[in-house]
Amino acid sequence: MAPSGSRSMKRGCQRVLYWIPVLFIALIVAWSYYAYVLQLCIVVYLLLYHVIFIMFVWAYWQTIFTQPMNPLEEFHLSYSDKELLEREDRGESQQEILRRIAKDLPIYTRTNSGAIRFCERCQLLKPDRCHHCSVCDKCILKMDHHCPWVNNCVGFSNYKFFMLFLAYSLLYCLFITATDLQYFIKFWMNGLPDTQAKFHILFLFFSASMFSVSLASLFIYHCWLVCKNRSTLEAVRAPVFRHGTDKNGFSLGISKNLRQVFGDEMKYWPVPMFSSLGDGCSFPTCLVNLDPEQPSSPTGSNPANKAAAEGRQFPSKPLRESQSRLLTSTPSWTESASNPGMTIENEA
């Protein structure tokens, strides 16, 4: 009992420590509000300041408290499959069992060795772009990274919120820097009255400008990732398909990549409300070769469908409606133009 109690206490202490970065950011934001609104108090700017502040806090809240999505029940092993897997000692025999199960699932990525991606901790077959987070101790759909500044995994369910958090926090810092600049110059020229506000103006300018630099680099990097339809993990290690590694395997062109994260309707893009397309378990992919283990389904009698299907094959499990729209709409495939030898395939 003692070791178990010790582990639970350690786990509890870790959970408390994980909130320290979030508390630090919250205190910085609270102080910046006090310094700008009550000390600097530039009435002309206050309306716009509060709009940016509210959107920033809203996006940050959504990023922190939106629970990461986990794989659906169909990806978990059944009791009989678990027993069968445990009875097999050889890795190849276990892979045969996993391949049999994966044939009925929209799984197209593999490990570097070409094996089925299986999480022993969660006892499930990992959907494409899903990874196990050691901090959360669970598999996260389309995991990007675990962010200590939000004490949460950034993945399919909150990646849009994370992008908006970066955008609004950068806008917040730039706005403070720009409107505080004239008073910062007066500070150095001794043009301000000798009050407590002088020091708030000084530190407000320094902190806002420093955060602006770091946030700008992070925001630009994630904008690049969205345009390429990659997660941070995929940028570090490209996904592996049956035909091999393909860093652009999930990219559908800039327009469709943006829509996959932010949704079809642009009026909802700046709002911290969930509008991403799909279910996080299946994604349309841009592949050179079809996975031979996944049987193709008929494309139907529609002539338009048949024409579109030339050189393409469709998986047995269809895409969700929102993901299918990405493949049936007419915008150009910007990335396929730079890869003339690449054919487009619809995959779940």
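From the backbone N, Cα and C atoms, a Cβ is placed for every residue, glycine too.
TrEMBL: automatically predicted annotations, no manual curation.
Not measured: the values here are computed from a predicted model.
Residues annotated as compositional bias 'Polar residues' in TrEMBL: 294-304 (among others).
Look at TrEMBL and you will find 324-341 (among others) tagged as compositional bias 'Polar residues'.
What TrEMBL lists as domain 'Palmitoyltransferase DHHC' is 116-236.
Residues or ranges marked as region 'Disordered' by TrEMBL: 292-348.
Marked as transmembrane segment by TrEMBL: 16-36 (among others).
The annotation transmembrane segment is assigned in TrEMBL to 42-61 (among others). Outside the transmembrane segment (42-61) by six or more residues, the chain places 25, 29, 33, 36, 150, 161, 164-165, 167-169, 171-172, 175-176, 179, 270, 272 with a CB less than 8 A from a CB of the stretch.
Sequence annotations record features per position, and here TrEMBL assigns transmembrane segment to 161-179 (among others).
Taken from TrEMBL, the feature transmembrane segment applies to 199-221 (among others). Long-range Cβ contacts of the transmembrane segment (199-221) within its own chain (Cβ-Cβ under 8 Å, at least 6 residues beyond either end) map to 28, 32, 34-36, 39-40, 163, 166-167, 169-170, 173-174, 176-177, 180-181, 183-184, 187, 192.
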Beyond the flanks of the transmembrane segment (16-36) by 6 or more, those residues with Cβ under 8 Å of it: 42, 49, 53, 56-57, 60, 64, 135, 148-151, 176, 180, 200-201, 203-204, 207-208
